[in-house]
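Database features, via TrEMBL:
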- B:12-33: transmembrane segment (TRANSMEM)
- B:40-66: transmembrane segment (TRANSMEM)
- B:86-107: transmembrane segment (TRANSMEM)
- B:114-135: transmembrane segment (TRANSMEM)
- B:184-211: transmembrane segment (TRANSMEM)
- B:231-250: transmembrane segment (TRANSMEM)
- B:270-292: transmembrane segment (TRANSMEM)
- B:336-357: transmembrane segment (TRANSMEM)
Amino acid sequence: MTRLLMNRRGLLRTMGAGAAATMASPMFFTRGAWANEFCNSPEKSGKIIFGFNVPQTGSYAEEGLEQLKAYELAIKHINEGGGMLDTLKPLSLKGNGVLGKKVEFVSGDTQTNTDAARDGARRMIERDGAIMVTGSVTSGEAIAVQSLCQEKGVIYMAGLTHSNDTTGKDKRRYGFRHFFNAYQSGVAIAPHLASAYGKDRRAYHLTADYTWGWTQEESIKAATEALGWETVATVRTPLGLGDYSQYLTPVLNSGADVLILNHYGHDMVNSLPQAVQFGLRDRQANGKDFQIVVPMFSELMAVGAGEAVKGIIGTSNWHWALEDAGTQAFTKAYGEAYGVPPSQAAHTGYVQAILYADAVERAGSFYPPEVIKALEGHEFDGVGIGPTLYRDSDHQCFKDVLVVQGNDNPSSKFDVLNVIGKATRDEVTYDPSIFGGELGPYEPNQC
Amino acid sequence: MLYLSKTDRLKLLAFAAVVLLMPIWLTPLGAAYPGLMQKFAIYAIFAIGFNILFGLTGYLSFGHAAFLGVGSYTAVWSFKLLTMDILPAMIFAVIVSGIFALVIGFFSLRRTGIYFSILTLAFAQMCYSLAYSVLTPITNGETGLLLTRNDPRIIDTALGAAHVGAEGLPSPTFLGIAMSGYSGFYLCAVLLILAFFIAQKIFASPFGLALRGIKSNQTRMIYTGFNTKPYTLAAFVISGMFAGLAGGLLAVTDPIAGAERMRWTESGNIVLMTILGGVGTLIGPVIGAWVIEYFENIFSAINKNILNQTFDFLPDGLQNVIVTVASKFVGEGWHLTLGLLFVFIVVFLPGGLVEGWQKLMARFRGKGREKK
């Protein structure tokens, strides 16, 4: 057993094989000798590739697939003009691609799973040569991919992510978010809750157990407690649960008269109808009608939840029926291409792709630090919901926030939400220091 | 201790060559990028470890992902608390997952067959739930455990060592070399070869023979006066440690640890890998791991555009038909393709891809002889 048969010759032979293999492998280590060397430079490869990394399977698949369609539309518009290219102001894109070259794309399935999301992003960056990665429907994915992109020196335009952490404690220099966040939802929804349900309420939270749920619970709790509401309990539920009855039963005897569902996607599509079937909304508690609030929801979820969504108050980043030119241009283009109105997940993805392309055009270069500087502090309009600012201190977009309510008498399958109010951009602007975090350096890492 | 039979030595050499030359032979397959090659090597280690338990003793553990997750969390915590150097991270990953395996194995191995599988599954789900919601201060729940710039990193601070990538997030290093990209792949590759070597030694040892005896008839082993418990437990712990090493490597090449890694689907995945490749063979699980990782990463990324480009040479009508049919099997439909492949393998080649290869070789050899 202890005989050492690997003699000197054998050892040398093995080492030789290993060394030869190492030498034969492609030499990608050559580091940049000049300043504007960066990961996947299109100036070098001659190709502009965007990476669309969205969930196509898993809890948030539906929104992910919509987002992917919107990205494909964005590519079409960047390359051929049309859509929001007619409404975005200021606009540098000419409708002939970016810096005169057509944009291509690659796509990947994040499986609503952070590990798979990072795998997908790495494939796009390392194999496909993506200059920019975008897309997400959960904050878990967004935060994981964002930190990966910072390490790789590739810009990440977050898709749908509503957690405060994305541009708060986990913000990154290479990550940008157009979508609104939980804090803004809280600020926007509070006055409407006060006017609809009064200032003397007892709230019970059911919260999806991950970064987004936590920050939304925190923000909504703070906003409602500022109104004078009392928080009875906050209960965390695992993501992707089908049956919420074990969580709904305790609500009945908790003394609460409002149920706040911090759920998104399939979770909300399951939990809200179950709560309604439980008879919660027909109940009286503390001498008041029992109410359910879903602080953040989307058309897709409203459609999924069906009847249950009628009268429910929540917030949205965007709605396809808005009157402004940007919204109408996008809704029209999307409707023509796919036959249905776009969701907010589709909208934010589309806008992010256009904004990135426009920033490159303005910067006149793909060099990430230049593009980042072109996006930071950029003030623009014409992408839906009024003038918008990309704040430089945390890469969060500031714009009006919509307060929506489930439509009692929908005229069509898609007419499920009514916009009942808006919180102005000034109202939802906050001090970036309240969430901490650090953006990190501009200098790109080489991938 | 390092002795190997002649065929085994040849196999090891060939295996080493195949693994180290991955950047070359994977290029035409579109998989030659460090991110995926690291996964290839890491999941191969995981599969080799799993095969030591399942392939040799026949004990089907349905909860091996737990050890993978434990390894990852341990490694990331080592990065956060101690140092960005990967050595302590990997050593701790192996040790801690070994301890977990010892505890879980001690209880689970009291039963055999399906009861054992269910027990391990239950333990793994417990670990997953703990990581997912109960222990969120330690695991950061669904978001996953990430490095931050102001982690303590006691050893690094004490040594005053400036870590690589000083302005941004630190990245894991091995003696000062950053472990992302190709260097990370070669690290995983070397460890994979080492793991393969250890597996060879175990397969050829009296210990391995005892394990195989347990697989073929445990009752008879016991009646001949052989205490099988320590053997199965040792196999369980060893395979748990392999999984921990794989988990640690996942964290080394990409410093994040998420609870999904412990999910039962991951445990199922490793079973699939092993069966797909060939249970109880040395190379089978490795091949199975590679095939499944390839499907997960490459097939899921194929979209209609790429299909259209691929079938561009066909006439328009035919191209449309083929693209429409094929698109159901790639992109979001990659699970379907994998499922079909799996059904095919289980029905026609119960011994996995390795058996397919052997049958093929036998046919060729048979024909050769006839000609003579």
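Numbers run from 1 along the shown chain.
Using N, Cα and C of the backbone, Cβ positions are placed for all residues, glycine too.
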Distal contacts, the transmembrane segment (B:231-250) - CB-CB under 8 A, six or more residues away: 38, 41-43, 45-46, 48-54, 56-57, 59, 61, 64-65, 67-75, 89-90, 92-98, 100-102, 104-106, 108-109, 187-188, 191, 195, 202, 207, 210-211, 214, 257, 261
Cβ contacts the transmembrane segment (B:12-33)/the transmembrane segment (B:184-211), at least three under 8 Å, sequence gap 6 or more: yes
Long-range neighbours of the transmembrane segment (B:336-357), counting only residues six or more past its ends (CB under 8 A): 272, 274-279, 281, 283-284, 287-288, 291-292, 295-296, 299, 328-330
Segment proximity, the transmembrane segment (B:270-292) to the transmembrane segment (B:184-211), 3 or more C-beta pairs under 8 Å: yes
Intrachain residues whose Cβ lies under 8 Å of the transmembrane segment (B:270-292), provided they are six or more past its termini: 11, 15, 40, 43-44, 46-48, 50-51, 54-56, 60, 62, 64-65, 192, 196, 199-200, 203, 215, 338, 341-342, 345-346, 351-355
